[in-house]
């Protein structure tokens, strides 16, 4: 029974739970790697004893956090659990393919960890640039294992993307227009389309790297007429859409949370929010070379990529102001998820500001590969994506389990995490502006103060992570049942109880004349019997 339920599962709720648990476990590994890096960088001088080991930590931390934490939790976990509930589908379109999408991930993680255990490990950074990743500099099977790991994780994501696209378009009720789907469903649909377009390019790039290393081709070797810059173009054509893939489902989660806890019928500017996400997705594919301002692009290329990158700020700003307008005039219920959502808006906007600065090709010449860049993308990932994940977990935990979290503990954990991540990454702006380069295991004494502060902040963040584990354990142990507020009647995933039955529907829902929108207008929002805690 256990094996048939969890290994051969075709149930979207069980597979979503597997994704969430796997993502949490991987996230702990990634967090431990980051703590090791911050220990090395707390003071000048060597702690780990080898620059190669440090670079292996950097590489593994990035891969684990991106491919085995954020994507499985946001797309695999929340996507699987919520999308069938939100569109009234019995399950995902391809349930067995869904299961395979998940079970490709543990072997991929195993391959990635193995790459660190053999020879010297893959110390290339997550960008895997040749010639550093070539077989002269990284001899031995480490990089090959990392490449195979990426192949498996990529195959998993592509299969999942096909599944989500088919589900969102084909399995909603015939009378529900696309523009009546919840924003979270839209965000995952757009994310899946981006995955489907971006990942094959990465697969091509790393396959060429694999043959360069093992079959004596010279795609990226100038001696044979290749060009290492070609790899950078291929990699970043995947890599830039990837960072939007990481944040878009977070946008959907934040939209759900803010609409829910402000007691609004709908997010402000619902269609504009969808168009903004579409614009971000399209623009995300045409700005990749802003990661390459220092490799010697033409002046006109630099002008174009600077301008195009700045244009992405417009739809992003539309989303931020959409959230603020949703908050405006709402009867805000101050439960933990709205804390995470407000933290997301503030810190994601700060990260966006530094992104605008880095978009200037002239400034980026100086700031490229410094800690300024690290601070920028950790503000949008460590305080954007992760805050969205934490908000989603605290919001939907009662739906997934049927038990409520302790509000006092979750709020305390939010503040500890908030202080920790800001203390970790804000000083890194100063380090970058002072010229401290990324991916180095040691630094001049002049940088000691901010590095020490950053490391203290990372310890605080780690305490917050451990608190979150305790909070989940406490909720599952105390078993406080959920009392459903009527306010959830506009959020269709809550219709079926907490937790919903194992099989929510036996067939796709039927909806006459699009009853979805009018029902929203009939419900009064001023008299919600909210529970106190």
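Note that Cβ sites are derived from N, Cα and C of the backbone, with glycine treated the same way.
For the Na(+) site, Swiss-Prot gives 40, 45; the one candidate out of 362, 382, 434, 441 that the record lists there too is 441. Taking Swiss-Prot as the reference, the stretch among 447-478, 479-510 described by the feature transmembrane segment is residues 447-478. Topology note: residue 293 and residue 436 share a membrane side (same topological domain name in Swiss-Prot).
Around the Cβ of residue 40 (Na(+) binding site), the same chain contributes 46, 47, 48, 54, 57, 441, each under 8 angstroms and 6 or more positions distant in sequence. Counted over residue pairs separated by six or more positions, the transmembrane segment (447-478) shares fewer than 3 Cβ pairs under 8 angstroms with the transmembrane segment (336-357), which leaves the two as not touching. Under 8 Å from some Cβ of the transmembrane segment (371-400) lie the Cβ atoms of residues 13, 16-17, 20, 65, 70, 73-74, 78, 81-82, 243, 246-247, 249-251, 253-254, 256-257, 260, 335-337, 339-341, 343-344, 347-348, 350-352, 354-355, 358, 410, 414, 417, 421-422, 424-426, 428-429, 431-433, 436-438, 468, 472, 475, 482, 493-494, 498-500, all in the same chain and six or more residues away from its ends.
Residues 41, 43, 44, 46, 47, 48, 54, 442 surround the recorded Na(+) site, their Cβ atoms falling within 8 Å of the Cβ centroid of 40, 45, 441, which are themselves excluded. Take the mean position of the Cβ atoms of 240, 290, 291, the recorded Cu cation site; other residues of that chain with a Cβ within 8 Å of it are 236, 239, 287, 288, 289, 292, 305, 309. Predicted-model confidence for the topological domain 'Mitochondrial matrix' (87-94) is 94, expressed as mean pLDDT. Between the transmembrane segment (141-170) and the transmembrane segment (51-86) there are 3 or more Cβ pairs closer than 8 Å, counting only residues 6 or more apart in sequence, so the two stretches are in contact. Contact between the transmembrane segment (51-86) and the transmembrane segment (336-357) is not supported: fewer than 3 Cβ pairs lie under 8 Å, counting only residues 6 or more apart in sequence.
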